[in-house]
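Engineer: Here it is: the structure, laid out below.
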Amino acid sequence: MKYFLQRIGFYVFTAWAAITLNFFIPRMVPGDPVQSLIAKYKGQLSTDAMQSLYILFGLDQHKSMWAEYVDYWKQIFHGDLGLSFTFFPAPVSQVISQALPWTLLLVGITTIISFLLGTSLGVVAGWRRGSWTDGLLPVTTFFSSVPYFWLGIIAIYLLAGPDSFFPSSGGFDSGLVPAWDQYFIPSAIQHSLLPALTILISSVSGWILSMRNMMVTVASEDYITVAHAKGLSERRVALSYAARNALLPNVSGFALSLGFIVGGTLLVEIVFSYPGLGFTLLQALGARDYPLMQGIFLIITIAVLVANLLADIAYLLLDPRTRKDG
Amino acid sequence: MAEPVLEIRNLNVDYGLGDRAVHAVRDVNLTLHRGEVLGLAGESGSGKSTLAYGLTRLLAPPGVITGGQVIYHPAQGSSYDVLALSDNGLREWRWAETAIVFQGAMNSLNPVHKISTQLMDVLKAHEPNMSAHSRAARAREMLKLVGISADRMDAYPHQLSGGMRQRVMIGMALILQPQVVIMDEPTTALDVVMQRQILGQLIELRERLGFSVIFITHDLSLLVEFSNRIAIMYGGRIVEEAPANTIYRDALHPYSKGLLSSFPALRGPRRELTGIPGSPPDLAGMPAGCSFHPRCPKAFEPCGSAIPVLGRPDTPDGAGRSVACWLHPAEQPVG
Ligand SMILES: Nc1ncnc2c1ncn2[C@@H]1O[C@H](COP(=O)(O)OP(=O)(O)OP(=O)(O)O)[C@@H](O)[C@H]1O
Ligand code: SF4
Ligand SMILES: [Mg+2]
């Protein structure tokens, strides 16, 4: 428990450091993006919005750095991340909350499926090592080393096209309005198939390989021989002894990969022009939209930290050795 | 002498196949009688563990049994060959009839499961009709038997000391009341006091519960103290077999004599520690004839060309013992 509290303390500290860094970076950016923006939208900015920009970008000369810093934290806690330049005058929080579900659903679901599928296949491949399943390993190794986006480009080239069932870009038909109805949902699913398949194929191989290798390592442990000697069924030895122990590193790997759902598949979204967070980040980069970039980085940082925390919790639950005597 | 419970006949085990196979166990004939402790000794690499894994069919690849029989005599019913059992038959035989405490038993417990789970899953596999309540009761009883308090049931292996883990393994081995318990260097990782304490406890349990033990170690002093009969292995073969005190007082095989002189006497007159010159044989390129002859101080004319068979020696007390040495040609081969 003490260990766990230490970890939580560490994550809180990291989050604080990341947010503080986010406060200082724009103050060091050369040039003056806010002034030019204010000039561009002369007259259209409300006083409130301008005040918020001043605080975020440190242009509020009447205040001390410390007072600005306090204001900055207040804004963060109210979910106010400033206004986006590219989607002006939409607030950053709104832009992010529109893009985030796309990424969460696409990458989240594929990550979970990929983990479950890859781990199960890895258990079988590891337990039956030396059989025909070993012949599939080179293929798996190939796919796990191919970058996502490259696979995505190939998939678009081979499968997408004007007459194809698979659309090559976007998250839904351009004629539709996002809504939970019978037109929009099938279209969204149809658009997600190719990117999902791309992510699935290149990530499932990694899970298969790591689980298989752990199974092979664990299979030579003494307690596996003992389990056989005890006359337990093959199934029980394979699942409750071998797979249960081999799972440990994979589960924490999975928890960590949840953190990369948000930012890790940026390139796939870019290749497929998928309206998720990665694609939005690309747009923000192109337009030097600092508030949006900051907001997205903040979300990515928090996601990674939460995932690390989940990995710790998973390990704590699965491996009794990490629980200090209780 | 008591009736046999386990008869190993001409057992051969190789590692690998074809020309490059290593013959780790060769033509081993050995009988374990009801209620006795049979000690198995020999230098590291002589094939003791391989013999234990072979007779329980637990060899990991590349180990293969290339010949022989392991005849098991159950308490009731007719005898059968363990090596010919079906997969299901083998699963039922394992642990219920013959349990093993492994070399390096420190790692014999799965770190992620509670002690109780690991004790009870044996019961679940072998006695599926037993209620959860009586499974737990039996597990507690076994822990008590080996001197561990029942409140350790829910402990994980890492929360126990080495000695306690060892006791748990012994308790687990006895949980189905097997007729045979094989102990492969069960205590090498423990300190000497703990070793004797645990072995003493085991022998006491054996007297109470009436199982037989194959006790493997390269520590002859432990063997002489705790076993009824001792078999000595060299280069994959049994080279001598006799009652424990006969071996201790009057070993016939020069290798047995060498082994005995490499540890200090337990009691009685002090002996000179000489050890055995030379190094253990290379199993891949075994010398012709008696495989001990390059190291044997008594080697003579037939030793380099013909293999001596294990058999009853020409000594007055020859009836209860056997040896494979040209100094004492077998009157009656074993097997
Ligand atoms: N997996 C393996 N592959 C190839 N050879 C092996 C394998 N395991 C054991 N051997 C060889 O078989 C021989 C017998 O090994 P074994 O483990 O049975 O010896 P042992 O008498 O139990 O020794 P120790 O006292 O060290 O436990 C050794 O020479 C070893 O090199
Ligand atoms: S047979 Fe010959 S070499 Fe072998 S132990 Fe006897 S005397 Fe020595
Ligand atoms: Mg051994």
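Just so you know, glycine gets a Cβ as well, placed from its N, Cα and C.
TrEMBL: automatically predicted annotations, no manual curation.
Taken from TrEMBL, the feature transmembrane segment applies to A:7-25, A:99-124, A:136-160, A:188-209, A:254-275, A:295-318. According to TrEMBL, the domain 'ABC transmembrane type-1' annotation covers A:100-311.
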Engineer: Find the member of A:136-160, A:188-209, A:254-275, A:295-318 that has more C-beta pairs under 8 Å to the transmembrane segment (A:99-124) than any other listed stretch.
Structural biologist: A:188-209
Engineer: Going through A:7-25, A:188-209, A:254-275, A:295-318 one by one, which has the most CB pairs that fall under 8 Å from the transmembrane segment (A:136-160)?
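Structural biologist: Against the transmembrane segment (A:136-160), the leading stretch is A:188-209.
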Engineer: Going along the chain, which residues at least six beyond the ends of the transmembrane segment (A:254-275) come within the CB cut-off of under 8 Å?
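Structural biologist: That would be 98-100, 102-104, 106-108, 111, 115, 147-149, 152-153, 156, 168-171, 191-192, 194-195, 198-199, 203, 281-282, 296, 299-300, 303-308, 310-311, 313-314.
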